[in-house]
Amino acid sequence: MLYLTKIRNAESEFTENEQKIADFLRANVSELQSVSSRQMAKQLGISQSSIVKFAQKLGAQGFTELRMALIGEYSASREKTNAMALHLHSSITSDDSLEVIARKLNREKELALEQTCALFDYARLQKIIEVISKAPFIQITGLGGSALVGRDLSFKLMKIGYRVACEADTHVQATVSQALKKGDVQIAISYSGSKKEIVLCAEAARKQGATVIAITSLADSPLRRLAHFTLDTVSGETEWRSSSMSTRTAQNSVTDLLFVGLVQLNDVESLKMIQRSSELTQRLK
């Protein structure tokens, strides 16, 4: 379940005691084998129940399950570290050669994919695919890089017969949102989940009775609280990156999975439409 990743992405919503626990676990992950919740509570000056509740908040049944999972994650991470050149673990710097930058970016994208896929709740994903498949109309919202991901998904969905709107202009996005109806779906893409334009559109969609599906990070956010369904994405950040590259990689992995899942639901008809689309575009060459 990648608890270290969940801890990192949920930090903004931790209480003071929860932050103490998170800091301790990360600082001592290599030594957790010999740490009990009682010892930890005493050292941090908090109650054992606080530690158990923290573990449950992350999705574990209790501290023992969380502790063992963290030990396993640490061991797996060490194995990967030993297999990679040490200089690939730092952020990209202005002194890096293009070859080193390429290797770092590649690894960053790999991690974004691995961590995002590890967080998938596939039963929930299947339910989301079914909800989208029944929608008379689908709106996709997003800003910046997220808008590019949304536009790509909209083209894919239109290719297999879905009625989709994905407008770049935020005023148009808001206008479409207020016209949605019960049964319609809004797919809101925002890693932060706090962009006011996207939140406004989600509020309008909910008010109209549409189903809101958020593709966002694990952190608590206004969009996450508004959504009927969430699809979690994980992405690291680096100092010398001018664009959210790994974020888009993670988001694309989610949208591509949605698309393939929808094709699978109605494979014969979907493949016919994809073939017709290909034949038509070939005639334009």
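Glycine is no exception: its Cβ is also placed from the backbone N, Cα and C atoms.
Here's what Swiss-Prot has on this protein:
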| type | residues | note |
| --- | --- | --- |
| DNA_BIND | 37-56 | DNA-binding region |
| DOMAIN | 1-77 | domain 'HTH rpiR-type' |
| DOMAIN | 128-268 | domain 'SIS' |
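Below 8 angstroms of C-beta separation, residues 17-18, 20-22, 24, 62-63, 65-66 of the same chain, each at least six residues beyond the ends of the DNA-binding region (37-56), sit close to that stretch. DSSP assignment over the DNA-binding region (37-56) gives 17 helix, 0 strand, 3 coil.
Look at the domain 'SIS' (128-268): DSSP puts its residues at 70 helix, 22 strand, 49 coil.
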